[in-house]
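The domain 'Amino acid permease N-terminal' annotation in TrEMBL covers 38-108. If you look up TrEMBL, you'll see 80-119 marked as region 'Disordered'. Annotation source TrEMBL lists transmembrane segment at 121-142, 154-180, 200-224, 245-264, 270-291, 325-343, 363-383, 434-456, 491-508, 520-537, 557-590. The domain 'Amino acid permease/ SLC12A' feature in TrEMBL is assigned to 126-631. Annotated domain 'SLC12A transporter C-terminal' per TrEMBL: 640-771, 792-889, 932-976, in sequence order.
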């Protein structure tokens with residue numbers, strides 16, 4: 001089939017070439033494989049034919065946002081370039097997709113050599129060794145033997161396996177997230193923020209970076225305490241115990257800072273050295289378990305491998321207040337953390353998509369094996385209790401002999417009974433040094449474990465913090481994001497982490513802060529697992545990790561268990577950690593940073609919205625749930641801010657509002673541009689108006705409004721009220737208002753027309769002030785003006801508190817109750833809550849009181865809270881002679897004699913309205929709801945007559961006027977069902 005396609009392409013090209021015989025134009029098909037921006041520029045300057053194509057084969061450059069040195073980045077041709085006829089438009093716009101890298105000016109010299117390649121690390125050196133060193137720590141050497149004595153070998157294995165299972169699940173989730181696209185620098189923060197969004201990612205990034213900085217102090221103090229203990233054994237001291245720890249700690253962390261700032265290459269070499277030292281210490285320990293024990297070691301409880309010792313130590317031997325399963329688990333679990341050390345330097349890895357999964361999972365596997373081996377071997381070799389005295393033998397002591405030591409000629413009964421044994425797994429933390437073939441190597445291993453962990457944290461904290469600073473989610477931290485050198489080293493962040501570590505080292509009492517740090521790490525694990533679960537459950541097409549060995553339900557389990565462990569470790573520290581996360585989350589939610597990372601939260605929002613909209617199809621409409629869902633003919637919202645502000649007062653957080661714009665003249669390239677739509681949405685967001693924005697392109701305004709009325713909305717979420725402004729110059733210009741309203745009534749819409757004395761369209765106001773340039777160049781500068789208004793918002797009368805003013809409602813025709821519902825919705829808002837509502841209705845002079853009581857009873861049953869009801873008895877009075885003069889002038893101007901004839905037949909309330917207004921203009925009347933708008937009969941009511949009527953009842957009025965007409969269906973009910 002492929003061959004036939006090629007032959008067809010060849011024959012068609014030959015045929016097109018024959019067509020062009022004798023013609024200077026160049027015809028081609030499929031000959032654009034070497035397409036780039038230069039070729040497009042050259043083609044656009046020449047003559048095209050209808051047979052030319054700019055289609056190009058797939059290219060890496062089209063999907064990459066980076067450039068390769070020495071080669072111009074290709075750009076995909078735009079749809080306009082492919083679709084348009086170059087003969088009609090010889091100067092098409094530039095390509096849509098352009099390189100994000102700033103182009104150099106012609107005066108700048110282009111570099112002749114590529115920039116130096118930064119040091120990159122593979123999965124072994126960059127991830128596996130780093131993670132293993134960060135997992136191994138002082139707990140391995142000083143606490144694992146003690147935990148084995150307390151919990152027994154069996155339960156200790158369970159503790160190790162449970163801890164490793166949690167970190168293993170987190171490792172699987174990390175691997176899945178890390179392989180779902182290209183990973184840049186930022187480590188844990190980058191993975192969480194790009195998956196869950198900036199809200200949770202930013203909060204975790206900040207506390208994770210801080211926790212790593214404090215962890216530097218913790219590991220350094222552990223090293224300093226070990227050195228101080230060795231000095232104390234030899235009666236060496238600089239000042240005193242506490243100050244010696246501070247001095248050693250400060251010197252140590254300063255040396256680690258120098259290694260870190262020297263570059264990742266030096267830091268990585270130091271980590272390899274520490275790894276080698278730890279491996280030698282492990283080898284010394286394993287050899288020591290095989291070597292037969294000397295009498296001195298036997299007196300301290302070491303007898304090499306013995307089956308009865310293994311059997312005794314296999315079961316628990318709880319002692320002290322911490323003697324419980326969860327007590328031992330809380331002590332051991334921090335030693336299983338550190339699995340993110342490799343991911344935290346993701347920007348320095350050769351291939352993070354391969355290195356992070358492979359290195360992290362292998363590190364978890366090998367460290368788990370090492371914990372299990374050490375627990376089993378030391379539990380098979382060393383007793384729980386021993387006196388350490390060489391003379392405590394069975395032959396030299398009389399009386400009863402207790403314990404397994406009796407089988408090997410040793411009697412530790414006295415110290416076991418008195419609980420004063422200084423040696424044994426339950427009493428001597430240096431049991432691994434006792435077992436080791438060469439004890440100093442275990443001390444070297446402790447040094448290597450503590451220093452490597454401190455160095456890893458000292459590198460992780462600045463790397464994570466640098467990425468957070470560059471995203472600018474929080475104020476005042478951008479200074480620390482600057483990078484230096486070929487590796488983009490965050491030297492300023494290094495100094496900040498160093499200062500934080502120094503502060504905690506000088507305190508030298510980390511027993512209180514240590515649980516908080518562990519909980520911060522667990523917060524990160526919980527969110528990483530939740531990120532993987534959330535990305536999987538949303539079924540986003542963009543979730544395509546190449547690492548397949550994960551389960552969304554395991555990830556959810558890992559997230560829940562991580563939170564549970566936080567409270568098991570230290571409940572108050574867990575509350576503090578969660579509280580800080582919530583505070584930082586709230587700040588980012590309030591600030592709403594301008595970032596878009598395609599997070600799973602966005603996918604989840606789409607899924608939820610789609611599900612709810614589809615679910616509404618099964619919900620039948622009910623009067624009690626009626627909401628005025630407004631289609632506002634605002635044009636660009638920034639041009640009619642008063643109209644938009646007013647409608648927003650009663651739709652915000654309650655109902656649907658859609659600002660609509662009709663672009664006349666027919667479709668054209670870029671007429672409905674997403675960038676322009678985004679500008680209007682930003683303007684609405686800046687104004688805190690919750691509204692959609694919809695644009696259609698039509699040949700004329702009337703057709704465009706018809707399109708909006710029929711197509712706007714989704715399912716049940718569609719408008720039911722058309723809102724528009726009153727056109728003041730309707731006598732001079734062609735006015736479509738009557739056609740808009742007629743179309744709305746045909747489609748069972750309600751309708752509202754807002755009129756303000758100063759007008760609604762601010763562009764008209766600018767033109768009226770002599771801005772001829774604005775008038776003649778309106779289209780050219782329009783969107784620039786909207787972008788300017790997005791930063792400097794014009795104020796309107798609807799944005800202020802209205803105080804104790806009055807809203808007058810003339811409910812003269814029953815339209816279903818929309819005329820009453822709108823002022824009620826207004827008074828529910830805080831800024832309108834103190835306004836008084838007066839309702840005017842029409843009636844007969846002989847039955848004024850009866851009709852007033854009847855209407856009061858009806859309105860009270862609607863539970864609207866309107867108490868002031870007045871009846872207008874002369875509703876059917878004819879207009880005065882001056883109104884005839886006004887209508888006659890309109891008729892002459894519009895050549896419509898029908899107006900004069902219909903004026904004699906039409907009875908209005910013009911005189912009564914004018915009388916009432918003159919009476920109340922001096923009172924605090926702010927809003928005047930005109931008579932319920934009449935419905936013009938289709939084909940029988942000329943537009944001039946209809947607009948003249950609206951002009952008469954609303955002209956020369958100081959307060960804003962809203963003319964309302966419902967769709968003759970009830971929107972108010974007096975029943976509860």
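Here the Cβ of each residue, glycine as well, is placed from N, Cα and C on the backbone.
Ranked by number of Cβ pairs under 8 Å to the transmembrane segment (434-456), the listed stretches 200-224, 245-264, 557-590 are led by 200-224. Count of Cβ pairs under 8 Å against the transmembrane segment (557-590): among 245-264, 325-343, 363-383, 491-508, 520-537, the largest is for 520-537. Residues 137-138, 186, 188-189, 192-194, 244-246, 248-249, 252-253, 256, 344, 446-447, 450-451, 453-454, 457-458, 460-462, 464-465, 467-468, 471, 473-474, 496-497, 500-505, 508, 510, 513-514, 516-517, 520-521, 523-524, 527, 577, 580-581, 583-585, 588, 593 of the same chain, all 6+ positions outside the transmembrane segment (200-224), place their C-beta atoms under 8 angstroms from a C-beta of that stretch. Counting residues 6+ beyond its ends, the transmembrane segment (520-537) has Cβ neighbours under 8 Å at 166-167, 169-170, 172-174, 176-177, 180, 188, 191-192, 195-196, 200, 204, 207-208, 210-211, 334, 337, 340, 543, 550, 552-553, 555-560, 562-563, 565-566, 569, 577-578, 581, 600-601, 603-604 in the same chain. The helix, strand and coil residue counts that DSSP assigns across the domain 'SLC12A transporter C-terminal' (932-976) are 12 helix, 5 strand, 28 coil. Here the domain 'SLC12A transporter C-terminal' (640-771) has a mean pLDDT of 83 out of 100. Same-chain residues lying 6+ beyond the ends of the transmembrane segment (270-291) with a Cβ under 8 Å from its Cβ atoms: 125, 129-130, 132-133, 136, 259, 304-305, 370, 374, 377-378, 380-381, 432, 435-438, 441-442, 444-445, 447-449, 451-452, 455-456. Contact count against the transmembrane segment (245-264) (Cβ pairs under 8 Å) is highest for 491-508, out of 121-142, 325-343, 363-383, 491-508. Within the chain, the transmembrane segment (363-383) has long-range Cβ neighbours (under 8 A, six or more residues past its boundaries) at 127-132, 135-136, 140, 144-145, 147-149, 152-153, 156-157, 160-161, 164, 167-168, 171, 282, 285-286, 289, 301-307, 309-310, 312-314, 335-336, 339, 342, 403-405, 412, 424-425, 431-432, 434-435. The stretches the transmembrane segment (154-180) and the transmembrane segment (325-343) are in mutual contact, each linked to the other by at least three Cβ pairs under 8 Å (pairs 6 or more apart in sequence). Taking H, G and I as helix, E and B as strand and the rest as coil, DSSP gives the domain 'SLC12A transporter C-terminal' (792-889) the counts 42 helix, 17 strand, 39 coil.
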